[in-house]
Amino acid sequence: MAKKQRQIYTGLELKQIKKITNRKNRSSWAGKNIISNENRRWDFFEKIIKYFLRFILWLTTSKIGWKNKVKTNELVDRTYAKFIAKDSAFIPFSLAFYFLVSFVPISTIVIVLLSFIDDYNVIFVNKIITRVIPGVQSLLAIPEFKINEGAKYTAILVLLLTSTWLGSSGWGRFIYLQNYIYGHENLGNFFLNRIKGFFVVLGISIYIFLASALYITFYKWITPSFSLTGETIFFYISLFIYLLLILYLGFTLIYKLTPSFKLQWNSVLPGVLVASIPNMIFISGFGYLTSLLKYDQYGTIGTFLYLALFVSSLTYFTYMGLIVNESYFKTYYSSFTISKTAWIFKRFNKI
């Protein structure tokens, strides 16, 4: 009887080699007496993250890029390795603190700008943001200025500038973090990044103001004919859809415009989806759940706890989107970055 022919595997068939090796180890005497040190919980966690990343890549990359399995696996493995790296463990939490500090200044600027439109600031606080962050109206109360018009507008201008400068600290560090993650040669100094962060906060505030004003206009036009239940259902459904659009466009602008180097629009789309989808689910989903649980009964402490969870989630997925974009850029576009200043001068020299 002829012996069974032994199959020879190459280095390109690592999965088959690993499968056969594990099978032989399990069937051997030594393998049966060895306690495995594999953490199956983290193995399951790894699979979830990688499947999520593959789904995002399937949505954002072309068919040619998606069919290139070598590149796809390289991108997913690179992203996951950066995600679980020890030096990345503290970054989202430290950044979340600065984003938490910038929350009230940005919200203050938005409310002040909405106050120039009839009742828009009241609707924004009482009808919208309190349904997302319960009890937040006590933190965002804008005092009435009992002074003449000229002094009033001067006080408002000082309040806006002060709030913008306070909120710029976190976004200045975010600009530094982007330069660091991508390996850009010039990380920028503290003062320059702080100035950039000032304009980022100003841009975010104006963006949220325009998005809120547009939604409030639509809300005031359509909800008067609804019952209380119908208005609640309409609010959460419309918020779910509108948030995805606003977050998608907002994160696209942030990832594209805030770094000190040039990026193509398509190169930031994977990270935009990674940041937008979970944050949209968290904001709309948890906002609805907290309205059912009457979370605002815990007062200011409950508001701060929820706000800390909200900002931590926002920061966590924003950082994860940044890692995905870096891996996508280094895998499909270039291994180095080009400074925006150098790129602009190069364009002028051609003219």
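From the backbone N, Cα and C atoms, a Cβ is placed for every residue, glycine too.
The transmembrane segment feature in TrEMBL is assigned to 95-117 (among others).
The transmembrane segment annotation in TrEMBL covers 153-176 (among others). Residues 95, 97-99, 101-106, 108-109, 112, 145, 147, 187-188, 190, 193-198, 200-202, 204-205, 258-260 of the same chain sit 6 or more residues outside the transmembrane segment (153-176) yet have a Cβ under 8 Å from a Cβ within it.
Positions annotated as transmembrane segment by TrEMBL: 197-221 (among others).
If you look up TrEMBL, you'll see 233-255 (among others) marked as transmembrane segment.
As annotated by TrEMBL, transmembrane segment applies to 267-289 (among others). Away from its own ends, the transmembrane segment (267-289) comes close to residues 52-53, 56-57, 59-61, 131-133, 236, 239-240, 243-244, 247-248, 251-252, 255-256, 310, 313-314, 317-318, 320-325, 328-329, 332-333 of its chain (Cβ-Cβ under 8 Å, at least six residues beyond either end).
Residues annotated as transmembrane segment in TrEMBL: 301-324 (among others).
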Range from 95-117, 197-221, 301-324 with the greatest count of C-beta pairs under 8 A to the transmembrane segment (233-255): 197-221
Tertiary contacts of the transmembrane segment (301-324) (same chain, 6+ residues out, Cβ under 8 Å): 53, 56, 79, 82-83, 88, 91-93, 95-96, 99-100, 103, 133-136, 138-139, 177-178, 181, 251, 255, 270-275, 278-279, 282-283, 286, 290, 295
